[in-house]
Amino acid sequence: MAEACITVKDLTMTYGDFVIQRDLNFTINRGDVFIIMGGNGCGKTTLLRHMIGLKSPAKGDVCYGEQGLWQANPKARQQILARTGVLFQSGALLSSMTLAENVALPITEATQLPPKKVREIVSYKLALVGLAGFEDYYPSELSGGMQKRAGLARAMALDPEILFFDEPSAGLDPITAKLLDDLILSLSSALSATIVVVTHDLDSIFAIGNNSVFLDAETRTNIDGGAPQKLLHESKHPNVIRFLNRGDQTEQNSNHRHMRSQA
Amino acid sequence: MKTSKILPPAINSAPSCAISAIRQAKTLEIALSGDWVLDAQLPALEPILAQIETQAIEKIVVSTAALGRWDSMLVTELIKLIDYAEQKQVAVDKTTLPASIQGLLTLVSAVPERVDAHRDQTRTSWARALTVSTGKAIQHGREMLIFVGEMIISTFATIRGQAHFRRQDLWLYIQECGPSALPIVTLISLLVGLILAFVGAVQLSLFGAQIYIANLVSLGMTREMGGLMTAIIMSGRTGAAYAAQIGTMHVNSEIDALKTMNLDPMAFLVLPRMLALIIIMPLLCLYADLMGIIGGGFVTVNFFDVSLTEYLDRTAHAVKMKDFIIGFVKCSVFGILIALSGCMRGMQCGRSASAVGDAGTSAVVTAIVFIVVADSVMTIICNRLGI
């Protein structure tokens, strides 16, 4: 059942001489909602940038199926990345274009569909994220949550197999963040896509994640991984326990957290 | 079911897909087959919609037994079909569809379309377009007046010491628009002096009056060209920069932040820039005059048989203090106009990346129009007053 979708092998990430994380090894299975978690500055977003081809690793590789992303030539890399969609932290919509133009951008780039059909697909994608009717709005005319959902519509424009989310709940109120989490879950089941989420929002981690990796800022490597719920109770690493308990290590808090996440 | 997941690797022929419909009593059975993917050639949906219309159908059943790969292409077509059926009050049985398509269709209809959000794009007649653009022009004029008014108010507030004015900013702006502009001002002024000398020489040498090239160049530079060329250089160099700086601050909500900190953006951002230009422009103008006279002298001495002493002597006789002062006054006015148009376009900037570019462009255009109009007015006034 568990078919490897992305395998990170011996990945070492640096900025100049400064090592962010070294010897990362983990596997993301097809259909996972995979969480990359860790404290601020531990290299979560940097890891994401390595996975989506924006930054080349100092050592090691990110493999999509059998193919290594960074061993492949630029053309092959582009083909691999064509199967992915990315939602950036702030949505990263082009501010000079309407939502429809933003979502249509990857479609018109990759296909030769007639404008009418493109418009239909755009409307469908916007409807999927609950923004039907907002085609001709500019990003600046929307709220932060709506911008993020529009970014998601653009990320899904070409029916990617793998969707990456960078801090989806950052800057959203709890209810909007919850709605976005629900949307991610329903999309993951409807599209049967693999979803990779970078976040440190505990509520999201427990609500949507079924697999994870924990990047430790002290040892600078991935010290633990697995289903977040399981990690909370079974992890042997104090840093992981502390992180998942909001800095608190008492059993009571852990139970409380468990109850909350099940509620 | 995991059909949409294979990216077509180098397909030689376009994937084919088909749709067919069979009518049984009042039920229409629609069969989908083939690969419904983005690069497929779609079959027309219209005949089937027509069939629903004409044959008194009450129920539609979609069969996907022969369906291959699918993606958004199929879902959008299904949405069209379902919408049409709903309009005609025909029931659609979705249970026969694959579970993931059902999930997507549920999501699509989960949030009803905001009808009031739609925007109409209607074609306008030329009369309407004229009204709209006149209205826009009036609006622009009003905005400009408001800006000038606000600026005057904050100038007085600053003089009275009520507004926050950062002195170190002023020095920074003076550095930016003064010394840094010298190389380009040098080049342009030398060449303008040179051109003036050549243009005058052709006519004056007809009468053997080459010596008067000195008058032409020195008067031309001090009264007119020195200031004008400096102003045009500065509107492109500094005016556009001001518009872009303030525009970007606008996009990043920095202006809003200033307002919440109770700092007047006018006094904080606009006044130091304007003051810097007012101080620097006459100095640059003097420098440009000098460079122009040197450029003219180079041509006159080397090509038209006039000695350097004669040229300098003629120049000293031709130019009076009042000519310099007229040049300085003009240049200060140009400085105000450049700073005004740059800062105004920046403050009026929209909140997108392209708006910053537009602000820069329109700052330069506005400044040059203002400069030329103001220059004509001042030249006429000087002429009438006989100075």
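Just so you know, glycine gets a Cβ as well, placed from its N, Cα and C.
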TrEMBL annotation (transmembrane segment) - matching range among B:60-82, B:290-312: B:290-312
Feature contact check the transmembrane segment (B:265-284) with the transmembrane segment (B:324-347), CB under 8 Å, 3 or more pairs: yes
Spatial neighbours of the transmembrane segment (B:359-382) far in sequence, C-beta under 8 Å, 6+ residues away: 224, 227-228, 231-232, 235-236, 239-240, 242-244, 246-247, 326, 329-330, 333-334, 337-338, 340-342, 344-346, 348-349
Chain residues in Cβ proximity to the transmembrane segment (B:290-312) (below 8 Å; excluding those fewer than six residues from its ends, i.e. six or more beyond): 185-186, 189-194, 196-198, 201, 205, 210-211, 213-214, 216-218, 220-221, 225-226
